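The feature active site, nucleophile is assigned by TrEMBL to Glu278. Under the heading compositional bias 'Pro residues', TrEMBL lists 351-373. If you look up TrEMBL, you'll see 42-344 marked as domain 'GH10'. Feature annotation from TrEMBL assigns domain 'CBM2' to 370-470. Positions annotated as region 'Disordered' by TrEMBL: 344-378. Residues or ranges marked as transmembrane segment by TrEMBL: 21-42.
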Amino acid sequence: MDKVLARGSGSAVARSRPRTAVLSMLAGVAMVATTVAVATGASAGTTLGASAAEKGRYFGTAVAANKLSDATYVGILNREFNMVTPENEMKWDATEPSQGQFNYANADRIVSHAQANGMRVRGHALAWHSQQPGWAQNLSGTALRQAMVNHITQVATHYKGKIYAWDVVNEAFADSGGGRRDSNLQRTGNDWIEVAFRTARAADPAAKLCYNDYNTDNWTWEKTQAVYNMVKDFKARGVPIDCVGLQSHFNSGSPYPGNYRTTLQNFAALGVDVQITELDIEGSGTTQATTYGNVVKDCLAVSRCTGITVWGIRDTDSWRASGTPLLFDGNGNKKPAYTAVLDTLNAGGTTPPPTTPTSTPPTSNPPTTPPPSGNGCTASFTTNQWQGGFVTTVRVTAGAAPLNGWAVALTLPAGASLVNTWNAQPSGTSGGLTFRNVAYNGQVGAGGSTEFGFQGVGTAPSGTPTCTAG
Ligand code: XIL
């Protein structure tokens, strides 16, 4: 599906590029239009997408639905890019403006445009503290957790099979201090990120699932280390994660770091793909072009750096337009930065195996609930029921002795069935069900507790579940 054409023709076309550029400058606008027409059917090596594809990678851009009627914009989009990310149209406020009422109109337009033009789609973003609809901003606790799970399930199901990679969780870490960012989602419990990933996997098993953030480019920064440790922990515990997105919005306050390649390599060495997801670099001229070239070189040097997306097409399309951070000027002309990117892609590079990273092991917090009396365990649950479906969160609490394994039995009402479980292993999908601990949460200290959850269609269970130790 990539717009890869004949290999080997790239260098011949590349050699003709300076001549084309000179002619365009001499002949003016009419010649530019001709150049575009020629490039549309051109060979690999003459556009960002084709050149990246020759290196086994994609080159994408953020797309705004309301610009799909702008002929210059669409001309560049269709010519240069083979991956698109909806800039705002798949965010929570856009897709679920009222709770339980989904609006996919603008996102669908972008996906249809991509499919009709041989481009793939990065989905952005399922769970994020920002750009939430007002109703979600006003939720907290279990109600918010369940609304998040339902949102992810609905949106990822709507786009099932059409998304190359989802930014499942966006920007969940604090800029300093090495911890999580405070947010309504974070206050639902530290496990909200892994619940989001498990839910997304259940809804669209074929999509790559990414964690995406900014200020995670410099390997020495606390935030980079914090995200790295989370990904390492997820891989160790089997939480489904396939990729890490580095937004890479660079400017004087957050410059391109000299150790960027090290960061890409170290994430990749955890067994995930790395994607540069929202690249823009404020500046102009040669300085900007050199930095763009360095970013591309770094990606090409890391075998699991699978692609680069710039956050808009023309400088005037950018969310930071005053910084002129993109590859095309306001008139749609190629900037020096464009040429640097294309030339770097065409020059290629090596893709050595990732280096072994160094890091400190992740830490975990012990449960804090005071011990109840008696051995064994107890279980209780809370449920969010909506028309046709539900999410149930179950708390397992150890008695006076520690648990080494547990099982919770409960019964789904007639007609109900299980669709998705996190933090436990279910047996069966309807009627009497048993949920057993998974590897990492079987051991619960005396009086401690752990939670698991499941989603179903139909009516949620009621009554008190039975908990058995061992
Ligand atoms: C930005 C969009 O570009 C703007 O149009 C919008 O007003 C705000 O969001 N990190 C992200 C992106 O993950 O979704 C943001 O996009 C830029 C920062």
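Glycine residues also receive a Cβ, built from the backbone N, Cα and C atoms like all the rest.
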Cβ atoms near Glu278 (active site, nucleophile) (within 10 Å, other residues, all chains): 24
Within the domain 'CBM2' (370-470), residues counted as helix, strand or coil by DSSP: 3 helix, 57 strand, 41 coil
Mean of pLDDT values spanning the domain 'GH10' (42-344): 97
